[in-house]
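Visitor: Here it is, the structure, as structure tokens.
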Amino acid sequence: MNPYVLTILLSSLGLGTVLTFASSHWLLAWMGLEINTLAIIPIMAQQHHPRAIEATTKYFLTQATAAAMILFASTTNAWLVGEWEIHQLSHPLATTTVMLALALKLGLAPVHFWLPEVLQGLELTTGLILSTWQKLAPFALMIQVAPTINSSLLVTIGLLSTLVGGWGGLNQTQLRKILAYLPIAHLGWMVLILQFAPSLTLLSLSLYIVMTSSAFLTLKTNNSLTINTLATSWTKSPTLAALTALVLLSLGGLPPLSGFMPKWLILQELTKQGLPLSATLAAMTALLSLYFYLRLCYALTLTIYPNTLTATAPWRLNFTMITLPLSITTIMALGLLPLTPAVTAMLAL
């Protein structure tokens with residue numbers, strides 16, 4: 001793609017997200033979401049491959065449907081209540097419709113079916129943008145409208161997403177489809193705690209972005225698209241294979257890695273709020289996700305591809321454009337757990 005065109009599209013991505021962040025009026029927020037969607041479509045379709053075009057079409061249709069639902073809900077609220085402010089969403093029909101529309105935009109269960117199919121047709125770098133940056137604007141709106149939404153609906157969507165995010169990845173062999181179930185499960189944890197501790201939701205979102213970026217970048221450096229090709233990683237780059245396994249375990253929420261922090265704090269907060277059953281169900285669904293992360297780790301580190309070469313394995317990475325962000329995100333994805341006391345004091349949990 002022409003660098004000037006790419007610069008304009010990436011600037012539009014940033015503009016759309018910032019516009020939604022800064023909006024207090026539904027129409028401006030909707031415009032920001034639409035700028036975001038229209039800016040990423042050429043980036044998704046730049047490969048000129050039938051799978052990429054199919055993924056782009058599916059993404060456009062789902063995002064257009066969600067945007068139409070948001071516009072319908074905000075117009076209905078303005079008609080019934082007389083308010084266009086995001087914080088003044090009060091009618092039950094409008095709140096439920098907006099919640100379902102935002103769930104569709106984010107890929108939360110039970111309206112998640114488009115996400116694995118879309119990510120399967122994309123390159124890993126574009127998939128990273130879709131899994132991180134494109135989640136920010138809808139999630140900002142969800143945080144703003146969360147106080148007006150029925151808590152039972154939020155908890156149900158959260159638990160269903162954690163279950164689907166773990167269950168859906170069990171029978172997958174394509175890494176991009178497995179990575180698609182990753183945001184479904186993690187965003188489910190965030191929605192679960194959204195009404196009780198918004199600051200904890202923001203912490204979880206930040207760590208999710210760091211860990212997801214690290215996972216996508218390591219797999220892109222490994223040039224792996226299926227579980228079988230992961231077995232060749234150890235002979236190509238042992239250091240990167242070990243780091244990838246640790247990042248995946250962090251995503252699964254195992255101590256002493258960074259991914260354990262948000263799960264631990266969320267379970268603690270749910271118990272404080274008198275929801276031990278929800279906390280237990282969320283912890284049990286996390287085991288499903290952990291199982292397929294362990295499958296990937298097994299393929300990465302315990303399965304060595306038949307190799308008759310006598311050449312020594314390269315332990316040092318070649319310096320490329322993604323080496324620095326890969327290093328930073330990997331360090332943060334692995335070593336932030338000791339900061340938990342400072343984080344809890346800062347968030348006053």
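Note that Cβ sites are derived from N, Cα and C of the backbone, with glycine treated the same way.
So Swiss-Prot lists these for the protein:
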- 3-23: transmembrane segment (TRANSMEM)
- 66-86: transmembrane segment (TRANSMEM)
- 98-118: transmembrane segment (TRANSMEM)
- 139-159: transmembrane segment (TRANSMEM)
- 178-198: transmembrane segment (TRANSMEM)
- 199-219: transmembrane segment (TRANSMEM)
- 240-260: transmembrane segment (TRANSMEM)
- 274-294: transmembrane segment (TRANSMEM)
- 319-339: transmembrane segment (TRANSMEM)
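For the listed features, I'd like the structural context: burial, neighbours, distances.
Guide: Residues 29, 31-40, 42-43, 86, 129, 133, 136-137, 140-141 of the same chain lie 6 or more positions beyond the ends of the transmembrane segment (3-23) yet place their CB under 8 Å from a CB of it.
If one looks beyond the transmembrane segment (66-86) by at least 6 residues along the same chain, the residues whose Cβ comes under 8 Å of a Cβ in the stretch are 23-27, 29-30, 33-34, 37, 93-95, 97-98, 100-102, 104-105, 141, 144-145.
Long-range neighbours of the transmembrane segment (199-219) within the same chain, counting only residues 6 or more positions beyond its ends whose Cβ lies under 8 Å from a Cβ of the stretch, are 124-125, 127-128, 131-132, 135, 139, 143, 175, 179, 182-183, 186-187, 189-190, 193, 240, 243-244, 247-248, 250-251, 258-259, 261-262, 265-266, 269, 322, 325-326, 329-330, 332-333, 336, 343, 347-349.
Beyond its flanks by at least six residues, the transmembrane segment (274-294) meets 155, 158-159, 162-163, 165-167, 169-170, 172, 178, 181-182, 185, 189, 192, 248-249, 251-254, 263, 266-267 of its own chain at Cβ-Cβ distances under 8 Å.
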